[in-house]
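Enquirer: Here it is, the structure in full.
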Amino acid sequence: MCFALSSSSWSPRAGLSMMPCTAGGKPSTSFVLVSHCACRTPGNTTQRDLSRLTEAMSENESASEEDWLALRPQEPSPSQCCGSGCKPCIYDVYDKELAQWERAKAMQDKSLLMGKKEQSNKSELNPDTFTAFSVSSVEQLTEDTYQYKFELPGNSSLRLSLGQHIVLRGVVNGLEVQRAYTPISPRNAEGYFEVLIKCYEAGLMSQYIKTWKRGDVVFWRGPFGGFPYQPNKHGELLMLASGTGLAPMIPILLSITDDEEDETFVTLVGCFPTFDKIYLKPLLQDLARYWNIRIFYVLSQETSLEKLPWSYQENTYTGHLNEDLMKTIVNSCRRKPFVLICGSSAFNEDMSRYLKAAGIEEDSCFVF
């Protein structure tokens, strides 16, 4: 079951009720979550609230300044921006709603505030509004990293483009926080989607995420970004991933291996602290069995390969992915590679520098 909620903010103090959606005049299994909170934040003025206020204003043709201020959207706080360059960003949504409010106020026309929000017809997600999804399973992969599975209505699918991310909203100690995550499920997965999340001890969002259990309702919006992948466009993809930077690589790998006509070579280099902290080992081992897929591991905190399973020893390096190792990997590629990079800002900068030293130009790289 999914629910639709306004895009920019939500108060945990708000009273909430659910009303059946009737998109296109037809009842559906989705619900609109209606806030009865008196506070106003961008996107938090619901259609029901607007109806009540505009009906009250219609009884008095000359609406007072106080009436209009009650409908004015409030600028988001910095914690409400995930910092991932989403289009539209939460500030874009605020600017759009503020301009709509200003136009309605200038024309003294309350009907201008009742415009229908654009909805996606290809996904249960919407970049402008948050939609709620139910957690169906929680799997702990390492001491601090989890794989979460969310239900989709019926056999619907998110239908994301490869590498696209979605934005999560949470409230911790009264402070709203938003962060971006990339689903790792196949883009054509039906009835569910999965997200890989690392929790940090001092992270605000992590405090919220670690409370999740099966049946909890979580709010997402999107999708955003993505890599414009086309089968057989590049002779070889060189994927450089640090930690959960593995996430956007997984759907691309699955897309290639699921397409019998896609003969793109792939070299994935996953950087992790130790062998125990490698995510999704069974899946990666299965992918490495394909004729066109190679997977290497670089373990920064391991000092010896002797304790590793024999099947990993040949394709694992200890230490860091440095300039010399980068040249070795690039030279081992079977075709001229196009490079995908995902990790921390420091990791991305280092990889870009090492690739340049290895003869890979900037226009042959894509950074998530």
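Counting begins at 1 with the first residue displayed.
Backbone N, Cα and C define each Cβ position, glycine as well.
What TrEMBL records for this protein is below:
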type    : residues                           : note
DOMAIN  : 128-230                            : domain 'FAD-binding FR-type'
BINDING : R179, Y181, L196, K198, M205, S206 : FAD binding site
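Could you give the neighbours, burial and distances for every feature on this list?
Expert: Sorting each residue of the domain 'FAD-binding FR-type' (128-230) by its DSSP state yields 6 helix, 51 strand, 46 coil.
Taking the Cβ of S206 (FAD binding site) as centre and 10 Å as the limit, one finds 19 other Cβ atoms among all the protein chains shown.
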Enquirer: Name them in sequence order: residues not among R179, Y181, L196, K198, M205, S206 whose Cβ is within 8 Å of the mean position of the Cβ atoms defining the FAD site.
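Expert: Those within range, site residues removed, are L168, I197, C199, G203, I209, T244.
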